[in-house]
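S.K.: Relevant sequence annotations retrieved from TrEMBL are reproduced here:
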ACT_SITE  Cys125  active site, acyl-thioester intermediate
ACT_SITE  His238  active site, proton acceptor
BINDING   Thr9, Gly10, Ala11, Val12, Arg37, Ser38, Ser155, Gly156, Gln311  NADP(+) binding site
BINDING   Arg96  phosphate binding site
BINDING   Gln152, Arg231  substrate binding site
DOMAIN    2-116  domain 'Semialdehyde dehydrogenase NAD-binding'
Amino acid sequence: MRVAIVGATGAVGHELLKVLEGSTLQFDELLLYASPRSAGSTLPFRGQDLTVQVTPDGAIDADVILASAGGSISKEKAPAWVAGGAVVIDNSSAFRYDADVPLVVPEVNGAAALEHKGIIANPNCTTAIAVVAVAPIHRAYGVRRMIVSTYQATSGAGAKGMDELLNQTHKVLHGQEASAEVFAHPIPFNVIPHIDAFQDNGYTKEEMKVAWETRKIIGDDSLKISCTAVRIPTLRTHSEAITLELERPATPDEVRALLAEAAGVEVRDNPAEKLYPMPLTASGKYDVEVGRIRASLVFDGGIELFVAGDQLLKGAALNAVQIAEYLQQHGALKAKQRA
Ligand code: A2P
């Protein structure tokens, strides 16, 4: 069994290597690909230095390809990878809305991955983190409306986003002017309510992704969702304030008990002890932290909560590896015959 990472040198690529180190996924060989800039460099994996190769134009001789080099690379190259017999687990938004491409968070709709036609899409990071907490509540109480406000780390824009935060903060602290290249405005000591392109309806694409993708993963087109997505000056982990209107009323204690049993969730909810989700505690963690669970003052019987999830892990690399593990556990990952 051969696994390949395309975009191995990026922020998500690095996390993919780390998650694969400790993964239960059975495989014999790991192939690493990136742009010509990185060709020949090495990355450590399980005690070996693996050489990064230029991503080829055609097929890659791997059984599973974890793609995180951006939407245009995936769009251009994934069809050839599938034609070459690989299953592609794609981190970009290139195929997420295609009817025949499953969009999967294994804790929520893992079985959808088994229906793939070669490509399985990994959701947008903000969506992946939210649905881990919201799907169990939806199953038990029926979510009718969902209002989300996000606090998104610079890691959402990749390694270059994190670099911009560090470099520009250093400049500001030394009395120099901060400029912006990756983000629309200087990010140090600022918050920017603008992630991805503005759409005709006044929402950004990032905000609409939360609505489109949550509906697809949860499998309920009637769910009404609105989101305000905001970039904040943290390095990694996205946080989200979520308000839920429910079909059947729920109490905070019931939701706390439900989420305590939910896969992929850590309930961190003891305000008296100053315990609640934060990037500082959620970074590097596989589980999404959920806390500040309280009765909504707006929707009778509704719930308000706050989540923090490592965007590079559950929002990207971890979820992708969990999809591969799910396929293998269900006998749906076969190694190609090789000479
Ligand atoms: P490289 O490091 O060689 O530029 P991030 O999301 O952190 O910006 O990472 C993007 C990833 O996608 C990196 O691994 C980057 O490789 C890779 N990448 C960028 N452009 C290409 C390309 N044209 N072909 C293959 N990989 C690419």
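From the backbone N, Cα and C atoms, a Cβ is placed for every residue, glycine too.
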S.K.: Where Ser155 (NADP(+) binding site) and Arg96 (phosphate binding site) are concerned, what is their Cα separation in Å, rounded?
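M.R.: Cα-Cα, rounded: 21 Å.
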S.K.: Check the recorded positions Ala11, Cys125, Gln152, Arg231 for any whose Cβ is under 6 angstroms from an atom of ligand 1, and report them in sequence order.
M.R.: Ala11
S.K.: In the structure shown, with every protein chain counted, which of the recorded positions Ala11, Cys125 has the densest set of Cβ atoms within 10 angstroms of its Cβ?
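M.R.: Max Cβ neighbours within 10 Å, all protein chains included: Cys125.
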S.K.: In sequence order, which residues at least six apart in the same chain have a CB under 8 Å from the CB of Arg96 (phosphate binding site)?
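M.R.: Counting only residues 6 or more apart in sequence, the Cβ neighbours of Arg96 (phosphate binding site) under 8 Å are Leu103, Ala121, Pro123, Asn124, Lys209, Trp212, Glu213, Lys216.
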S.K.: Helix, strand, coil residue numbers for the domain 'Semialdehyde dehydrogenase NAD-binding' (2-116) per DSSP?
M.R.: 35 helix, 31 strand, 49 coil
S.K.: By a simple count, how many Cβ atoms lie within 10 Å of the Cβ of Thr9 (NADP(+) binding site), its own Cβ left out?
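M.R.: Looking across every protein chain shown, the total is 19.
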S.K.: Which ones, of the recorded positions Cys125, Gln152, Arg231, His238, have a Cα no more than 10 Å from the Cα of Gln311 (NADP(+) binding site)?
M.R.: Cys125, Gln152, His238
S.K.: If you average pLDDT over the domain 'Semialdehyde dehydrogenase NAD-binding' (2-116), what do you get?
M.R.: 97
S.K.: How many whole Å apart are the CA atoms of Gln152 (substrate binding site) and Arg37 (NADP(+) binding site)?
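M.R.: Checking the Cα atoms of Gln152 (substrate binding site) and Arg37 (NADP(+) binding site) gives a distance of 29 Å.
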S.K.: Give me the Cα-Cα distance between Thr9 (NADP(+) binding site) and Arg231 (substrate binding site), rounded to a whole Å.
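M.R.: Distance between the two Cα atoms comes out at 23 Å.
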S.K.: When you put Arg231 (substrate binding site) at the centre and draw a 10 Å sphere around its Cα, which of the recorded positions Ala11, Cys125, His238 have their Cα inside it?
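M.R.: For Arg231 (substrate binding site), the recorded positions whose Cα atoms are within 10 Å come to His238.
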S.K.: Around Gln311 (NADP(+) binding site), how many other C-beta atoms are within 10 angstroms of its C-beta?
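M.R.: Other Cβ atoms found within 10 Å: 30.
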S.K.: What's the longest C-alpha separation between any two of Thr9, Gly10, Ala11, Val12, Arg37, Ser38, Ser155, Gly156, Gln311, the listed NADP(+)-binding residues, in angstrom?
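M.R.: Per the listed residues, the maximum Cα distance equals 25 Å.
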